[in-house]
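Pasting a structure below so you can have a look.
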Amino acid sequence: METTPLNSQKVLSECKDREDCQENGVLQKGVPTTADRAEPSQISNGYSAVPSTSAGDEASHSIPAATTTLVAEIRQGERETWGKKMDFLLSVIGYAVDLGNIWRFPYICYQNGGGAFLLPYTIMAIFGGIPLFYMELALGQYHRNGCISIWRKICPIFKGIGYAICIIAFYIASYYNTIIAWALYYLISSLTDRLPWTSCTNSWNTGNCTNYFAQDNITWTLHSTSPAEEFYLRHVLQIHQSKGLQDLGTISWQLTLCIVLIFTVIYFSIWKGVKTSGKVVWVTATFPYIVLSVLLVRGATLPGAWRGVVFYLKPNWQKLLETGVWVDAAAQIFFSLGPGFGVLLAFASYNKFNNNCYQDALVTSVVNCMTSFVSGFVIFTVLGYMAEMRNEDVSEVAKDAGPSLLFITYAEAIANMPASTFFAIIFFLMLITLGLDSTFAGLEGVITAVLDEFPHIWAKRREWFVLIVVITCVLGSLLTLTSGGAYVVTLLEEYATGPAVLTVALIEAVAVSWFYGITQFCSDVKEMLGFSPGWFWRICWVAISPLFLLFIICSFLMSPPQLRLFQYNYPHWSIVLGYCIGMSSVICIPTYIIYRLISTPGTLKERIIKSITPETPTEIPCGDIRMNAV
């Protein structure tokens, strides 16, 4: 008897008309023909509903059927899956909870009405952020592909979205890990009996350095600077050696060594796939919560802590009448949860087919939002302490935003606490682990996408491809390691990646809800989970979530941020440069649409129909289909 060798690369299975194919335990969903799409009985994207058969027939229960003869390729062996369910949850939480939760949310909250800001933030999370988060998890888990090849199974004409996501991920890796390098430099500098940013007697200090904690009756002038500020600006960043974007200065060898060390850790954490990264996140995703708990208890016991808490949460309801508050709430929840970056697609693609991604979406979203909220207490109890020590209002202490809030204000507060070295070490180690989680996720999104799209080239060479990606990211980070690197980091964050990712997410939401079809998408979810998403989710996916993204994009275009950093005003040409960098990723979408229409044979109408019709089947493990649909 002839048998198929276990190491064979593929098995060809021919599907007859109006049938789904079952081969080697895998259910193949076929692709409809152009004629079938025109039939009024067809549901979205041309799939026709197949009536349920008897309970004994496990091969098909309300599964959309193929309406054409199809030769489908089935690869031997199953896709890699997470070792444990908790590996996946910790990876998603580690990705969503990043540095922005620690510095951005508390600052935006108090700037936009304190406790009143929680209302628009919650509304935007419920109607915008969480539905998009759930959509990506469901898409990735059902189709089991990265952000490039998944579009062959959804709507091929939008495959450029995947390429755009990969380019954006590279830009983010180029500047985000530089911030982690700053934290690592601080961590190494903290391994002393006395923290170096506590005095004005170091080689990098200037005559304006004033340590108001050292003695009483210190006169603070407009030109006075704190030891922590000079350590950050003149020693770590060496910003005084740069005149701006037009003259970035030399590359810091100290920061270069830090970023090489960081990417070395990243490489050995993700080179073997989710089996290894899923174990690493047990440390990197849980350690920040231990440190946050310690810092929260310590901050609450400091004198003046209550002043900071009141300043953080005191509601200003009049702020809700300002459009900017709602824009900030929408942007914060979107960038915090992180749909549109391809990461959720990649992570979910390694889940088991019947994993409850609906529950996962709710749990991880709530954990992320609560972490942001609690981080505000960690930050503002310390700011209240700083205000008490300076005999100033909390608003005067909380003027720093972004990384400066952590590397200047919070670092200075830690330096003047008892056991300052201990708290400095755990604080900066927490920042590093927060950043590493997000980098693991961002690069895994790219790696999964490329390996799924080019399996014959890279499937058995993952370690080498990961090495290429890591080296490319290190080289891309060189500009941010210069004396003026902080200027580059801010430009990339505000203009090169933010608007681009919003645009990509908007097109993705429209492509899934309007082209692939909300009916078909909900049918897919029902096959996995045994129940169909309710009307709330359908309305959000079809209308509210796209409008949510469009609202942020339009607000950004009408009122783009005026960049200013460390008394440096960005020139107009730099803003144009930022937009151009952002467009270099988004341009992949219309470029691929044009390429697809040109390369597809037939009339224009036939080309369009073929280009929006799924071209490859979705493999569904038959034993994993839920039959208890309600």
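Backbone N, Cα and C atoms are what each Cβ position is placed from, and that goes for glycine too.
Reproduced below are the annotations present in Swiss-Prot:
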type	residues	note
TOPO_DOM	1-87	topological domain 'Cytoplasmic'
COMPBIAS	41-55	compositional bias 'Polar residues'
MOD_RES	Y47	phosphotyrosine
TRANSMEM	88-112	transmembrane segment
BINDING	D98, T439, E494, Y495, F556, S559	serotonin binding site
TRANSMEM	116-135	transmembrane segment
TOPO_DOM	136-160	topological domain 'Cytoplasmic'
MOD_RES	Y142	phosphotyrosine
TRANSMEM	161-186	transmembrane segment
CARBOHYD	N208	N-linked glycosylation site
CARBOHYD	N217	N-linked glycosylation site
TRANSMEM	253-271	transmembrane segment
TOPO_DOM	272-277	topological domain 'Cytoplasmic'
MOD_RES	T276	phosphothreonine
TRANSMEM	278-297	transmembrane segment
TRANSMEM	325-347	transmembrane segment
TOPO_DOM	348-360	topological domain 'Cytoplasmic'
TRANSMEM	361-380	transmembrane segment
TRANSMEM	422-443	transmembrane segment
TOPO_DOM	444-463	topological domain 'Cytoplasmic'
TRANSMEM	464-483	transmembrane segment
TRANSMEM	495-516	transmembrane segment
TOPO_DOM	517-538	topological domain 'Cytoplasmic'
TRANSMEM	539-558	transmembrane segment
TRANSMEM	575-595	transmembrane segment
TOPO_DOM	596-630	topological domain 'Cytoplasmic'
REGION	616-624	region 'Interaction with RAB4A'
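Map these features onto the structure and tell me what's around them.
Below 8 angstroms of C-beta separation, residues 82, 118, 120-121, 179, 274, 277-278, 281-282, 284-286, 288, 311-312, 319, 322, 324-325, 328-329, 332, 335-338, 343-344, 347-348, 350-351, 355, 360, 363-365, 367-368, 371-373, 375-376, 378-380, 398, 401-403, 405-406, 431, 434-435, 437-438, 440-442 of the same chain, each at least six residues beyond the ends of the transmembrane segment (88-112), sit close to that stretch.
Under the three-state DSSP scheme, Y495 (serotonin binding site) falls in the helix class. Within 10 Å of the C-beta of Y495 (serotonin binding site) we count 24 further C-beta atoms, all protein chains included.
Within the chain carrying the transmembrane segment (116-135), a Cβ under 8 angstroms from the stretch's Cβ atoms is held by residues 108-110, 315-317, 319-320, 325-326, 328-330, 332-334, 336-340, 344, 357-358, 361-362, 364-365, 369, 373, 505, 509, 512, 521, 537, 540-541, 544-545, 548-549, all 6 or more beyond its ends.
Taking Cβ pairs closer than 8 Å, the topological domain 'Cytoplasmic' (136-160) reaches residues 45, 79, 166, 339-340, 342, 344-349, 351, 353, 355, 357-358, 360-361, 445, 448-453, 507-508, 511-512, 515-516, 521, 524-525, 527-528, 588-593, 596-597, 608, 611-619 in its own chain, all 6 or more past its ends.
Counting every protein chain shown, the Cβ of Y142 (phosphotyrosine) has 25 other Cβ atoms within 10 Å. Following the DSSP three-state reduction, the secondary structure of Y142 (phosphotyrosine) is helix.
According to DSSP, N208 (N-linked glycosylation site) sits in a coil region rather than a helix or strand. Counting every protein chain shown, 14 other Cβ atoms lie within 10 Å of the Cβ of N208 (N-linked glycosylation site).
Sequence-distant contacts of the transmembrane segment (253-271), counting only residues of its own chain at least 6 positions beyond either end whose CB sits under 8 Å from a CB of the stretch, comprise 177-178, 180-182, 184-185, 188, 236, 277, 280, 432, 436, 439-440, 443-444, 447, 462-463, 466-467, 470, 473-474, 477-478, 481, 485.
Under 8 Å from some Cβ of the topological domain 'Cytoplasmic' (272-277) lie the Cβ atoms of residues 80-83, 87-88, 91, 347, 350, 440, 444, 462-463, all in the same chain and six or more residues away from its ends.
When secondary structure is read from DSSP and collapsed to three states, T276 (phosphothreonine) falls in the helix class.
Beyond its flanks by at least six residues, the transmembrane segment (278-297) meets 82-84, 86-88, 90-91, 93-94, 97, 269, 371, 374-375, 377-378, 381-382, 423, 426-427, 429-430, 433-434, 436-437, 440 of its own chain at Cβ-Cβ distances under 8 Å.
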Please work out whether the transmembrane segment (495-516) lies in contact with the transmembrane segment (464-483), by counting C-beta pairs under 8 angstroms that are 6 or more apart in sequence and asking whether there are at least 3.
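Between the transmembrane segment (495-516) and the transmembrane segment (464-483), contact is absent.
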Which one of these binding-site residues has the most other Cβ atoms within 10 Å of its own Cβ: D98, E494?
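Counting every other Cβ within 10 Å of each candidate, the maximum falls on D98.
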Do any residues of this chain, six or more beyond the ends of the transmembrane segment (539-558), have a C-beta under 8 angstroms from a C-beta of it, and if so which?
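Beyond its ends, the transmembrane segment (539-558) has Cβ neighbours at 124, 127-129, 131-132, 135, 323-324, 326-327, 330-331, 334, 498-499, 502-503, 505-506, 509-510, 512-514, 518, 521.
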Sequence-remote contacts (6 or more beyond its ends) of the transmembrane segment (575-595), Cβ cut-off under 8 Å?
157-161, 163-165, 167-168, 171, 491-492, 494-500, 503-504, 507, 560, 563, 611
Quick one: of the recorded positions Y142, N208, T276, which has its CA closest to the CA of F556 (serotonin binding site)?
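When the Cα distances are compared, Y142 comes out closest.
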Looking at the transmembrane segment (161-186) and the transmembrane segment (361-380), are there 3+ C-beta pairs under 8 A, with each pair at least 6 apart in sequence?
no
So are the transmembrane segment (325-347) and the transmembrane segment (464-483) touching or not, going by 3+ C-beta pairs under 8 A with a sequence gap of 6 or more?
no
